[in-house]
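Beneath this line is the structure, given in structure tokens, with notes to follow.
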């Protein structure tokens, strides 16, 4: 849609929600809403709950800018509702969203696309556990973001505690072989890589606190990689985005080893849009302001089914 068309429409910024990433989503939504209002759009914020259909109808929303993170927002649930209501929305559609948030399902797609993954095993609640990979390993819920419930296990005595923590958030969890490498994240806009940023967390890894605490991690843009490796991680980011059928934008996370191997971790279909978020920072490095980023995402709003 053109800017002129969009300025005639009522835009609902969906934020908050019911997931463990609620507070982050509120920050993303407030930043997006403020940007839209500054740019002259008729925008209103909606804190998403189970009354969302009623709220959308009350506000007479004609377009939805989704600034939700985690379950019931990033997993295809809200996208399906918007499809049913006929309200164009930003970001990826139902299927791509559902695949991306499910680390187990997405790994099957990534492997079939020839992308490099860390060795992993799946454990479901109630199953007998037998470790398939040598320590250290990374334990994580299958369907959470922002490193919620994630832990690194180096000592066998800490394994059960890590499993219990991950199972607090999901009935299925992943146990991945630990990859010693740089944390590199690729920003995608309109299906093309904008650049790659390197994350150097102050703690053991890039956990929730490091992501959302000012000074919790150092961001290096562009990532400190040899030219050939930098180009390869951008290509793999685009490939992962396309493999899931993502629409418009995403952030793709990698671990890059000293030998230049790029291990894909996940694709985030609704990356953070806060002051500390990586996609806006990567976009800024490509000469795209926050307002321009918001506008380009909004212009791509559509029904996908």
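Backbone N, Cα and C define each Cβ position, glycine as well.
In Swiss-Prot this protein carries:
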BINDING   134-185  ATP binding site
BINDING   253, 266  Mg(2+) 1 binding site
BINDING   266, 268  Mg(2+) 2 binding site
DOMAIN    107-299  domain 'ATP-grasp'
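For residue 253 (Mg(2+) 1 binding site), the spatially nearest entry among the binding-site residues 134, 155, 169, 176, 183 is 183, judged by CA separation.
The two recorded residues residue 141 (ATP binding site) and residue 266 (Mg(2+) 1 binding site) have their Cα atoms spaced 13 Å from each other. The Cβ of 134 has fewer other Cβ atoms within 10 Å than any other of the binding-site residues 134, 141.
Counting in whole angstrom, residue 268 (Mg(2+) 2 binding site) lies 14 from residue 148 (ATP binding site) by their C-alpha atoms. Each of the binding-site residues 148, 155, 268 was scored by the number of other CB atoms within 10 A of its CB, and the lowest score belongs to 155. Note on the domain 'ATP-grasp' (107-299): its mean pLDDT in the predicted model is 92. A simple way to gauge crowding: the CB of residue 266 (Mg(2+) 1 binding site) has 20 other CB atoms within 10 angstroms, across all the protein chains here. All protein chains included, residue 253 (Mg(2+) 1 binding site) registers 20 other Cβ atoms within 10 Å of its own Cβ. Between the CA atoms of residue 155 (ATP binding site) and residue 266 (Mg(2+) 1 binding site) there is a gap of 25 Å, rounded to the nearest whole number. Residue 176 (ATP binding site) sits 13 Å from residue 266 (Mg(2+) 1 binding site), taking the CA atoms of both as reference points. Annotation note: residue 141 (ATP binding site) sits in a strand segment as assigned by DSSP. A helical conformation is recorded for residue 162 (ATP binding site) in the three-state DSSP classification.
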